[in-house]
Amino acid sequence: MDDEQREGGDVLRLENASLGFGERTLWSGLDLSVKRGEFIAVLGPNGSGKTSLLKTVLGQQALDSGRALLGGAPVRSGDRRIGYIPQQKLVPPGTPLRARDLVALGVNGHRFGLPLPRRGERERVEELLADVGATSYADRPVGSLSGGEQQRLRVGQALADDPVLLLCDEPLLSLDLAHQRGVSELIDRRRREHDTAVLFVTHDINPVLDKVDRILYLAGGRFREGTPDEVLRGEVLSELYGSPVDVFRSHGRVVVVGVPDAQTHAHHTHHPPDERPGAHA
Amino acid sequence: MIDLDTYVQLLGLVQNSIIAGAVLGLVGGLVGVFVMQRDMAFAVHGISELSFAGAAGALLLGVNVVAGSLVGSLIAAILIGLLGARARDRNSIIGVLMPAGLGLGILFLALYPGRSANKFSLLTGQIIAVDSPQLAWLVGISLVVLVALLLIWRPLTFDSLDPDVAAARGVPSRFVALAFMVLLGLIVAVSVQIIGALLVMALLVTPAAAALRVSASPVLVPMLASVFGLFSAVAGILLAIAGSLPISPYITTISFAIYVVCRLVGRASRRRLRAAV
């Protein structure tokens with residue numbers, strides 16, 4: 001990485017990006033630049049194209065028009081400068097992997113050849129486990145761990161190559177409040193200490209409200225981008241949704257009321273505990 | 001029952017079969033670990049029926065039965081791999097392929113004018129009926145599967161656990177998935193020759209399922225699975241040649257017994273763990 005980028009060049013740039021499926025436009029004319037160490041939350045109702053945005057950055061979804069650049073070059077599939085933290089899917093009990101093996105997959109899971117670790121890889125895994133506070137359960141089977149513990153491991157896995165960009169797809173979904181805080185603090189600490197940029201897709205801004213620099217709000221084929229104070233306002237969201245929406249703030253939390261699509265559960269405040277296997281499909 | 005001298009003589013005669021059984025048991029156990037993780041037990045069954053059809057067709061045409069079995073297996077494995085990326089699609093494709101394959105095989109056998117023992121052995125297995133050059137092929141194919149499996153082991157593990165993340169981290173998911181299907185097709189074709197199309201799962205599913213009951217270690221599970229597979233196959237052959245019964249029921253019974261024991265051991269140790277916590 002050259003000095004210019006180190007000085008604060010964009011890690012990720014979307015230029016006039018458009019994506020749709022058939023008749024429906026997810027978003028068009030989207031411009032977004034993400035600098036090193038920036039924490040950007042992507043909000044919006046279901047079907048607004050949040051996950052498709054991540055797939056685009058991952059190089060798994062081609063744009064209809066416009067460009068997506070990582071470190072100045074077009075995004076490509078399987079780029080190891082990106083760390084990806086998926087929606088929390090519980091690993092089925094009985095999966096023959098220990099916590100440390102899940103993290104190790106981030107270090108060498110892509111490599112063909114006899115499955116023997118190279119020099120230094122064991123230490124790297126140990127380091128990552130310590131980083132995410134998982135050392136105490138490193139040798140337990142992954143399937144026996146709680147959702148929150150598993151999600152910490154996925155953060156560790158995603159950090160294996162010191163990524164310049166962390167893509168998080170609803171990483172807090174179905175975690176209880178304590179684990180939501182734990183996992184989001186882990187991600188926040190990472191970007192503060194290593195200047196890793198974070199693109200964080202979520203339907204609930206509250207667990208990360210005090211951490212985000214900017215918000216990208218997608219809705220109805222349109223988008224708004226800015227600081228939380230700029231975007232999370234009644235008139236802004238009303239315009240975006242094309243119908244009256246109210247934003248309330250209380251005790252440092254944001255509650256959005258009146259989102260047209262009742263199915264979206266946008267910004268709900270309660271989450272089921274994460275200890276039940278199979279609770280989330 | 002037979003006396004010891006005769007048994008030792010027989011042993012010399014079936015030596016190659018025992019080697020083939022041992023190699024298949026070992027490799028089948030390893031493949032089974034991924035069959036379980038990728039939720040593909042049903043696919044194994046589907047592939048084996050098409051493999052049976054291929055073998056029966058070869059028998060009818062008077063060409064190499066192992067080759068026919070391989071052709072059937074690979075066609076099924078690749079079709080399932082290409083069309084059935086998602087579990088639900090996969091199951092419906094297998095459900096359609098399986099009776100088609102079995103029916104075709106039965107048709108070929110009905111048309112086959114030769115000895116009926118040959119016919120039956122494709123469904124229920126009779127390794128003793130396989131001649132030495134063919135045994136060498138079976139061992140060779142199993143070893144190819146073993147080496148290839150070890151080479152794709154890590155990406156395959158990643159892809160089996162979480163295909164989305166694996167793809168994001170640079171695992172060529174489609175290639176890995178298809179490569180595994182080809183390896184599965186190859187080892188199923190070998191198994192059909194040894195324990196028969198209907199019983200393939202006793203070596204490709206049961207040993208790994210048993211190992212997973214007693215361990216979650218990524219090293220111990222494959223090791224146990226291959227030991228269980230090897231033991232079932234070899235012990236089955238050794239017991240069978242002492243009597244007049246076919247080999248397959250011995251192999252399936254031993255492998256089932258191992259599974260039952262592992263379930264009980266697994267339950268006991270989980271209970272102990274819970275009591276300790």
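Quick reminder: no glycine exception, Cβ is built from N, Cα and C everywhere.
What you are looking at is a predicted structure, and each value in this text was computed from that prediction instead of being measured.
Taken straight from TrEMBL:
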{"type": "TRANSMEM", "residues": "B:12-35", "note": "transmembrane segment"}
{"type": "TRANSMEM", "residues": "B:56-80", "note": "transmembrane segment"}
{"type": "TRANSMEM", "residues": "B:92-114", "note": "transmembrane segment"}
{"type": "TRANSMEM", "residues": "B:135-156", "note": "transmembrane segment"}
{"type": "TRANSMEM", "residues": "B:176-205", "note": "transmembrane segment"}
{"type": "TRANSMEM", "residues": "B:217-241", "note": "transmembrane segment"}
{"type": "TRANSMEM", "residues": "B:247-266", "note": "transmembrane segment"}
Worksheet item: When you scan the chain for residues with a C-beta under 8 Å from the transmembrane segment (B:217-241), skipping those not six or more beyond its ends, what do you find?
Response: 7, 10-11, 14, 17-18, 21-22, 24-30, 32-33, 127-128, 157, 194-195, 202-203, 206-208, 210-211, 247-248, 250-255, 258
Practice prompt. For the transmembrane segment (B:135-156), find every same-chain residue at least 6 residues outside the stretch whose CB is under 8 Å from a CB in it, and list them.
Written response: 16-17, 19-20, 23-24, 26-27, 30-31, 34, 66, 70, 166, 171-172, 176, 179-180, 183, 186-187, 189-190, 193-194
Worksheet item: Among the recorded stretches B:12-35, B:92-114, B:176-205, B:247-266, which has the greatest number of Cβ pairs closer than 8 Å to the transmembrane segment (B:56-80)?
Response: B:176-205
Worksheet item: If you count Cβ pairs under 8 Å, which stretch among B:92-114, B:176-205, B:247-266 touches the transmembrane segment (B:12-35) the most?
Response: B:176-205
